[in-house]
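J.: Here it is, the structure in full.
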Amino acid sequence: MHAWPASEVPALPGEGRDLRIHDTATGGVIPLHPGPVARIYVCGITPYDATHMGHAATYNAFDLVQRVWLDTKRQVHYVQNVTDVDDPLLERAERDGVDWVGLAEKETALFREDMTALRMLPPQHYIGAVEAIPGIVPLVERLRDAGAAYELDGDVYFSVEADPHFGKVSNLDAAAMRLLSAERGGDPDRPGKKNPLDPMLWMAAREGEPSWDGASLGRGRPGWHIECVAIALDHLGMGFDVQGGGSDLAFPHHEMGASHAQALTGEFPMAKAYVHAGMVALNGEKMSKSKGNLVFVSKLRRDGVDPAAIRLALLAHHYRSDWEWTDAVLEEALARLGTWRAAVSRPDGPPAEALVEEIRDALANDLDAPAALAAVDRWAALQHERGGTDEGAPGVVSRAVDALLGVAL
């Protein structure tokens, strides 16, 4: 599966900053010190109802991670999956009377268009769950043969008790885990499971549903969590720098993934930092496909909204915060974009070297994009109030905002 085209990232003068970021597993902001190649895995979409503003906010956060790393002259190895077979996708295709493969392809193509418009840097590896199945099957067999998984009526479940570190990613108690498991695709009440929290690794073929050859597992399809583990281990290996996604992925998805990886490799954790973006609400409720209260990037683009303004609306909120999309949020972003563009359109302006360092410092401090925006606001206000004589300043600001914030002025 191919990703989307990359926009050029301008090189900036001076030195980039090492990133400090909030790690869900430890509950604190930790320093990250990647090697020459920083490694990041971000969980991708289930391709229906793409791309809503919650999606966009999540991928914006991890785009900033990449930009901070690139500014330190590191290379970035970024992997993202597409959950292109899953119960919600199949249910949506059946509801709409369309082929599930066609639906997935259409929505994935739309997602790529939205990511391109928003100038999100693409992954080097963009992997669909379906194409990963040949690599998933032997992992499930290994877990079963090692006693870390068991069969139940043809399905294969992972035993959470096989991982002594289970629970150390989300830090939730058993009651909270059970509740979230039921809400987020698990089946804690299924009779016969060794532990209600045990997640499915391999679903035996069901009538009327797609299935694939599972060798000794029989025909079926993989569970959600093992898909990401297989893709991440194949392309990044253990101990990569960041695993990212929305805060609703901390449990069960990232917790279970870490357990699968530990049982397969004997190593923990799978990622050095588990980083989670906040939820975006509309009319007081979390924006979600199940509720249908969605604001789509593609709809805004069709309505003529500049994608740079959409990106500024996302950047105005700290990535870990929960926030609400409103008309006022977009109006503020449009006004900011106009102010910034007018400021950099002049032939000269106030010196900008200190501004570049302010943006770097803000982003290195747990991706504090609102502080970075405030710094640019101050420079733009000074430009409009008094101007300046530095002929290179507007260009420096444009390149810094492009390279570090992904906004083209």
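Cβ coordinates come from backbone N, Cα and C, glycine included.
The structure displayed is predicted, hence computed values, not measured ones.
According to Swiss-Prot, the record shows the following:
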- Cys43, Gly44, Ile45, Thr46, Thr58, Asn81, Val82, Thr83, Trp224, Gly246, Ser247, Asp248, Val280: L-cysteinyl-5'-AMP binding site (BINDING)
- Cys43, Cys228, His253: Zn(2+) binding site (BINDING)
- 45-55: motif ''HIGH' region' (MOTIF)
- 183-188: motif ''ERGGDP' region' (MOTIF)
- 286-290: motif ''KMSKS' region' (MOTIF)
J.: So for His253 (Zn(2+) binding site), how many other CB atoms are inside 10 Å of its CB?
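T.: Neighbour count, Cβ to Cβ under the 10 Å cut-off: 23.
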J.: Mind checking which residues reach the motif ''HIGH' region' (45-55)? Cβ under 8 Å, same chain, six or more beyond either end.
T.: 82-84, 86, 88-89, 92-93, 103-108, 110-111, 114-115, 246, 279-280, 282, 286-289, 294-298, 314, 325
J.: Distance check, please: Cα of Cys43 (L-cysteinyl-5'-AMP binding site) against Cα of Cys228 (Zn(2+) binding site), rounded to an integer number of angstrom.
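T.: So the alpha carbons of Cys43 (L-cysteinyl-5'-AMP binding site) and Cys228 (Zn(2+) binding site) sit roughly 7 Å from each other.
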J.: Taking the Cβ of Thr58 (L-cysteinyl-5'-AMP binding site) as centre, how many other Cβ atoms lie within 10 Å?
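T.: Taking all protein chains shown, Thr58 (L-cysteinyl-5'-AMP binding site) has 27 Cβ neighbours within 10 Å.
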J.: Could you tell me which three-state DSSP class Val82 (L-cysteinyl-5'-AMP binding site) falls into?
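T.: The three-state answer is strand.
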J.: At the level of the C-alpha atoms, what whole-angstrom distance separates Trp224 (L-cysteinyl-5'-AMP binding site) and His253 (Zn(2+) binding site)?
T.: 8
J.: Among all protein chains shown, how many Cβ atoms are found within 10 Å of the Cβ of Ser247 (L-cysteinyl-5'-AMP binding site), not counting that one?
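T.: The answer is 16.
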J.: Using a Cβ cut-off under 8 Å and a sequence separation of 6 or more, which residues in the same chain sit near Cys228 (Zn(2+) binding site)?
T.: Tyr41, Cys43, Asn81, His253, Gly257
